[in-house]
Amino acid sequence: MLHRHNKAFSICTFLLVVIGLYAAKAQKVLPSDKLATKETIHLYNNLFQLQHKGIMIGHQDDLAYGVNWKYETGRSDIKDVAGDYPAIYGWELGGLENNASANLDGVPFDKMQQFIKDAYGRGAVITISWHLNNPLTGKSAWDPAPKGSVAAALPGGSKNDLYKSWLDKVAIFMQSLTTAKGNYIPVIFRPFHELNGNWFWWGGNNCTPEELKQLYQFTVHYLRDIKGLHHLLYAYNTDRFNSKAAYLEKYPGNEWVDIMGFDIYQRGPTAAFAQELDTTLGLLDAIAAENNKIPALTEFGYNQLPDSTWWTDVFYKAIAPHNLVYALAWRNAGIKSKDDIEFYVPYTGQQSAADFKKFCDTKLILLEKEVKKLNLYK
Ligand code: BMA
């Protein structure tokens with residue numbers, strides 16, 4: 001009798017554990033857009049659950065060009081070196097606001113649309129940045145003068161109509177990103193990146209925290225509520241930072257943001273960079289967890305990769321203990337001028353190529369085939 005009782009008890013316990021596990025798995029987190037499409041909700045939820053399990057490696061303009069090549073169908077520097085495409089692709093809209101047919105780095109928008117559709121079809125993730133011109137001066141994103149550019153773009157400002165017309169073009173581009181079945185392809189949109197630096201017209205001291213918050217909110221409101229786009233997740237994105245307060249100084253609020261990230265580049269000694277990356281990711285872990293958002297390294301790189309074991313010795317060690325779900329390497333522009341070469345992932349024959357493959361082959365680091373298995377949109 002006692003024996004049977006015990007058995008019934010352990011079956012009950014077992015069932016409770018199974019139900020508990022199931023409930024934990026089914027516990028959904030939702031994006032900030034209450035009307036987000038099904039695929040967008042799945043993507044958000046799946047990325048959220050990826051924390052501690054995997055870090056997706058991404059690359060800006062990966063399919064368009066690499067070091068010493070341009071527009072070769074199917075080619076990618078990451079694939080050449082590591083055997084697979086990146087798990088997340090970064091693209092850039094700068095120039096779209098002026099009706100250009102190619103962006104500021106020469107990538108034709110029609111090719112970009114196709115690259116995005118192809119990558120989505122293979123199960124990967126898309127993120128888009130926008131180095132938009134200064135609406136007040138008509139010059140580039142890197143034209144911080146005069147102060148007042150952000151105020152001018154806001155409702156009531158002299159350039160609000162112009163800014164809205166630019167957002168209309170962004171909306172048309174986003175709406176062009178559809179699947180074979182006609183559904184919208186979810187996109188992580190990353191406007192006003194590096195917003196604590198002084199180099200962009202929306203950044204640092206070029207506006208007040210309140211103005212930037214308003215611009216961020218207005219932008220999301222316009223795209224989401226006025227234009228009716230419900231396939232976007234929004235990434236809030238600073239440059240390097242050293243405290244929670246500094247990170248959150250211009251944060252528009254949880255209703256407007258889905259992903260929290262920052263950009264960081266190694267430009268000096270390795271030990272200091274490794275330490276800073278680790279510390280800053282630790283701050284981001286805490287901030288994202290407190291706000292129930294997804295942490296990501298929205299841009300990173302060590303230009304020209306002069307250290308042959310940087311990937312496993314420095315980068316892996318710094319990122320592995322943290323919660324980030326992706327890290328996006330900046331573009332392999334290649335030779336820009338006689339003294340200016342830019343690349344952040346290795347190409348065949350580059351001195352860190354073997355180490356990059358080793359890094360990508362670790363269990364934690366994910367490329368495209370591995371995320372396809374995760375079915376991020378389901
Ligand atoms: C920068 C450089 C530039 C490029 C810009 C926008 O970091 O790569 O060459 O024009 O990003 O993509």
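Including glycine, each Cβ sits where the backbone N, Cα and C put it.
Given the structure is predicted, the values throughout are model-derived calculations rather than measurements.
Per TrEMBL, the feature active site, proton donor maps to Glu194. Residue environment of Glu194 (active site, proton donor) contains 21 other Cβ atoms, counted within 10 Å of its Cβ in all protein chains. DSSP assigns Glu194 (active site, proton donor) to coil, not to a helix or a strand.
For Glu299, the entry in TrEMBL reads active site, nucleophile. Glu299 (active site, nucleophile) carries a strand DSSP state (E or B).
Of all the Cβ atoms in the protein chains shown, 15 others lie within 10 Å of the Cβ of Tyr265 (substrate binding site). According to TrEMBL, the substrate binding site annotation covers His131, Trp199, Tyr265.
Look at TrEMBL and you will find 38-369 tagged as domain 'GH26'.
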Check your understanding: binding-site residues His131, Trp199, Tyr265: which have a Cα within 10 Å of Glu299 (active site, nucleophile)?
Key -> Tyr265
Check your understanding: Of all the Cα pairs drawn from His131, Trp199, Tyr265, the residues the record ties to substrate, which distance is largest, in Å?
Key -> 18
Check your understanding: Between His131 (substrate binding site) and Glu194 (active site, proton donor), what C-alpha distance do you get in Å?
Key -> 11
Study note, to complete from the structure: Tyr265 (substrate binding site), DSSP three-state class -> strand
Review point. If you count other Cβ atoms within 10 Å of each one's Cβ, which of the recorded positions His131, Trp199, Glu299 has the most?
Key: Glu299
Revision key, fill the gap. Mean per-residue pLDDT in the domain 'GH26' (38-369) works out to 98
